[in-house]
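Structure first, then comments.
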Amino acid sequence: MVNAGDMNGSGNLMDFLDEPFPDVGTYEDFHTIDWLREKSRDTDRHRKITSKSKESIWEFIKSLLDAWSGWVVMLLIGLLAGTLAGVIDLAVDWMTDLKEGVCLSAFWYSHEQCCWTSNETTFEDRDKCPLWQKWSELLVNQSEGASAYILNYFLYIMWALCFAFLAVSLVRVFAPYACGSGIPEIKTILSGFIIRGYLGKWTLLIKTVTLVLVVSSGLSLGKEGPLVHVACCCGNFFSSLFSKYSKNEGKRREVLSAAAAAGVSVAFGAPIGGVLFSLEEVSYYFPLKTLWRSFFAALVAAFTLRSINPFGNSRLVLFYVEYHTPWYMAELFPFILLGVFGGLWGTLFIRCNIAWCRRRKTTRLGKYPVLEVIVITAITAIIAYPNPYTRRSTSELISELFNDCGALESSQLCDYINDPNMTRPVDDIPDRPAGPGVYTAMWQLALALVFKIVITIFTFGMKIPSGLFIPSMAVGAMAGRMVGIGVEQLAYHHHDWIIFRNWCRPGADCVTPGLYAMVGAAACLGGVTRMTVSLVVIMFELTGGLEYIVPLMAAAVTSKWVADAFGKEGIYEAHIHLNGYPFLDVKDEFTHRTLATDVMRPRRGEAPLSVLTQDSMTVEDVETLIKETDYNGFPVVVSKDSERLIGFAQRRELILAIKNARQRQDGVVSNSIVYFTEDPPELPPNSPHPLKLRRILNLSPFTVTDHTPMETVVDIFRKLGLRQCLVTRSGRLLGIITKKDVLRHMAQMANQDPESIMFN
């Protein structure tokens, strides 16, 4: 027999795996990472750097650079995300106005920029200036009349169709992952799932360009959700430049969590809200260190956007408001009613949108994404143009709905009948009776509200970048402004009623309709996304309305309660389940009394578990097992008779190890023995060299007993981010539970289709 001593000369060959080889520790596409393993690898890396730093000055400098690399990545993410957001804002502003006309002095100026640079613009007619010409004026020299209106109407539709067609074509040809909002997929990626290319450079480029096109086309969608995706693409790009993050999927996800915060920071001009959004809504693993870095990335991104100043108002956002009157306790009732409306709207939207998206996936409709985008764009443009509140960009609409009616406002919503004897300062205008313009605006807003509710259901989920924040806020803002005007007029005409008597005297400015629009926007956004804390912070950062936190909180909590009464899923969780992503939501509760033995595989009647033995299988046996199965890994046991568990070997690493061994180690052939023990087994003389694969063996796989409650198993999978868990009894292997098995079991217990979980 050949023993270990006789083989000392070839020890360096057998132990070649003691040096890492390319691609070991990486994962295949559509697979889940092993959080515990990634954490362990990072701890080992950090320990090695710390010990080396004491050897020389150069190693000490390298350790400092490694420690600072995280902050450098955050700085770069903030700079790029802020710059891209500023460019997108400027481009959207120009291209939205391009649908209606062009600036003669400089075609790249938007309507507002064109008129403010003109010397002939007066304050009263600030929207009209000779330098800005509508298409009818430019082409047929007519600004009024039926022919001018029809020409402008036709060109508005043509521009919208052109933008939408270009966007969907770019997405379809160059970056299919650039469609949608991206937040459901980012939530799934942050939970440990691998979707290669989703955060790639092509996706970043195409999403940035097409986001400008689709928002400018006038479709009922926003840029805020996609900006989170864009920021995460920036995070993925910069993390690939540093080996600390590029070689560790767990550390990479810490960067992506911070990048999501930077995305919301530039989308809403809300750095603190961005950090809270990342913590509350998208992140799965969010240690304290990531909180600080998220804060820094959000700060840099907001500072960069402020430096670009895309809105020209020295603010981070388009709709910054300042109200001059406090709110009163009696107003909490309409605020809570708006919260109820937001919850009902959220429930209606989620159910209808998911039903439509499911129909798109399961019928022939899904085969014609370009035609679908063109049809929805045409319908949107045709219906939107006649109504001034749907013709303009949704951000401008929200800005107007949020605004308080000052003495200088020219909007229809501010067409009140003034008292000629009024001698008050401009900031404190009393409540006045509504004029004809307000009544016209009310029915136009009512029509716009119905249109927005319906068209958003069909728009979200198409094969173009599409955010949901702005359309949801627009629905709430329209409803809120109408309620606000109603309460204002009620208070004016019935100020002697007991509810108004104490705080709404004649001649007082006591009701602010813009505040109701703000509260309604928060309620509807909360109803759709189920955000609470981050939503309130985003709203007061967005508007500067720090005094109105209590109304916002009341509306946000009410909308969440009402929406949760009809279903616990927000829109992003619903889309995750629709797409079958393996996402274990921390918010879901598992209360069923099942055991690990009920879920583990193999079940009764199934083939026995595929396992490796520690020292009795040949290379050919292992390769055959890999070829005949599609499992992600194999338990390693002492022998098939005893089935005492030794460890767990990943499929990908087995393939790479055997491939590298054949290339780099002489004497490894198909009938070489594969062993996972420290010492080689005793072999007959003239046997081929055995192959030692102990380095790729996980010697401490997570195990539970067969009588462990599934409630505990689900908790372990959530909190430790496991890929799989082995089931044993007294050290003997019985079966395996994967993340997919857990998700299938949870779906089954909730009376859903367990086969809807498509990915590993």
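Backbone N, Cα and C atoms are what each Cβ position is placed from, and that goes for glycine too.
Whatever TrEMBL says is automated annotation, not expert-curated.
For the ranges 282-306, 332-356, the feature annotated in TrEMBL as transmembrane segment maps to 332-356. Range with TrEMBL annotation transmembrane segment, chosen from 468-487, 548-567, is 468-487. When DSSP labels each residue, the domain 'CBS' (697-755) comes out as 24 helix, 19 strand, 16 coil, counted as helix, strand and coil in that order.
Counting residue by residue with DSSP, the domain 'CBS' (600-664) contains 24 helix, 17 strand, 24 coil.
Panel annotation: around the transmembrane segment (515-540), residues 264, 268, 270, 272-274, 276-277, 279-281, 321, 323, 327, 334-335, 338-339, 341-347, 349-350, 398, 401-402, 468-469, 472-481, 483-484, 487, 546, 548-549, 551-553, 555-560, 562-564, 569-572 of the same chain, lying at least six beyond its termini, place a Cβ under 8 Å from a Cβ of the stretch.
The stretch in 68-92, 195-215, 255-279, 332-356, 368-385 that contributes the largest number of Cβ pairs under 8 Å to the transmembrane segment (468-487) is 332-356. Only residues 6 or more beyond the boundaries of the transmembrane segment (368-385), in the same chain, are considered here, and those with a CB under 8 A from a CB of the stretch are 153, 156-157, 160-161, 164-165, 167-169, 172, 217-220, 360, 391, 451, 455, 458-459, 462-464. Two recorded stretches are said to be in contact when at least 3 C-beta pairs lie under 8 angstroms, sequence spacing 6 or more; the transmembrane segment (255-279) and the transmembrane segment (68-92) meet this definition. Listed as Cβ neighbours of the transmembrane segment (332-356) (distance under 8 Å, sequence separation of 6 or more from its ends, same chain) are residues 453, 456-458, 460-461, 472, 475-476, 479-480, 483-484, 487, 516, 519-520, 522-530, 551, 554-567, 569-571, 574-575, 578. With a cut-off of 8 Å between Cβ atoms, the residues of this chain six or more beyond the transmembrane segment (195-215) that come close are 29-30, 84, 87-88, 91-92, 95-96, 163-164, 166-168, 170-171, 174-175, 177-178, 182, 185, 188-189, 221-223, 226-227, 229-230, 232-237, 256, 393, 464-466.
Same-chain neighbours of the transmembrane segment (153-175): 95, 98-100, 135, 200, 202-203, 205-207, 209-210, 213-214, 216-219, 369-370, 373-374, 377-378, 380-382, 385-386, 391, 462-465, counting only residues six or more beyond its ends whose CB sits under 8 Å from a CB of the stretch. With a threshold of 8 Å between CB atoms, the same-chain residues lying at least 6 positions outside the transmembrane segment (68-92) that come near it are 208, 211-212, 215-216, 223, 227, 230-231, 234-235, 238-239, 241-242, 244-245, 255, 258-259, 262-263, 265-267, 289, 293, 296-305, 307-311, 393.
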